[in-house]
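**Student:** From Swiss-Prot, here are the annotated features:
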ACT_SITE  Asp137  active site
BINDING   Leu86, Cys87, His88, Met122, Glu123  substrate binding site
COMPBIAS  11-23  compositional bias 'Basic and acidic residues'
REGION    1-23  region 'Disordered'
Amino acid sequence: MARASGASDYRSGELSHQDERGAAHMVDITEKATTKRTAVAAGILRTSAQVVALISTGGLPKGDALATARVAGIMAAKRTSDLIPLCHQLALTGVDVDFTVGQLDIEITATVRSTDRTGVEMEALTAVSVAALTLYDMIKAVDPGALIDDIRVLHKEGGRRGTWTRR
């Protein structure tokens, strides 16, 4: 398990999305301060060198995979509260989805920003997940064995707990 700076600040032993009876509920954020929030998440699509070359040159039958995945990730971040039952609707002020192309993989990184009462980690994770799923959809005809892997939050800042970074 990866360690993170400030990890002890997060280990209160209580799950915020359960009430005293253990039932799921949406956290009431009415009294929380509105602050600038940022989260960065990443994930990896593992495939073959041939598929990475097709993606890099735009040679896939379905078209420009990276451009399509970027737009899909941005759209997904904006729809997170529709997909994750207990997430709040947030007014996102920025979403960036970027790709680092390796020899056998593509790393997907999403950065999400907002000025709101709750964090944007779920929006960043959703952006990465849907961008990765979109890439898979676009390459599955040439590599059905491609693997989506290692989706995680890398960094968050803002709110009562301040900054957290995965080490």
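These residue numbers are counts, starting from 1, taken along the chain as shown.
Cβ from N, Cα, C; glycine included.
Quick one: how deep are these features, and who are their neighbours?
**Tutor:** Taking Cβ-Cβ distances under 8 Å and a sequence gap of 6 or more within the same chain, the neighbours of Asp137 (active site) are Lys62. Secondary structure at Asp137 (active site), taken from DSSP and collapsed to helix, strand or coil, is helix.
In the shown protein chains, 27 other C-beta atoms lie within 10 A of the C-beta of Glu123 (substrate binding site). In this structure, Glu123 (substrate binding site) is part of a helix by DSSP.
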**Student:** In DSSP terms, helix, strand or coil for His88 (substrate binding site)?
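**Tutor:** Note: His88 (substrate binding site) is coil by DSSP, not helix or strand.
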**Student:** What's the most sparsely packed of the binding-site residues Leu86, Cys87, Met122, counting other C-beta atoms within 10 A?
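**Tutor:** Comparing Cβ neighbours within 10 Å for the binding-site residues Leu86, Cys87, Met122, Leu86 has the fewest.
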**Student:** Using the recorded substrate site (Leu86, Cys87, His88, Met122, Glu123) as reference, state which further residues of the same chain have their Cβ within 8 Å of the centre of those residues' Cβ atoms, listed in sequence order.
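**Tutor:** Those within range, site residues removed, are Thr80, Ser81, Ile84, Leu90, Thr118.
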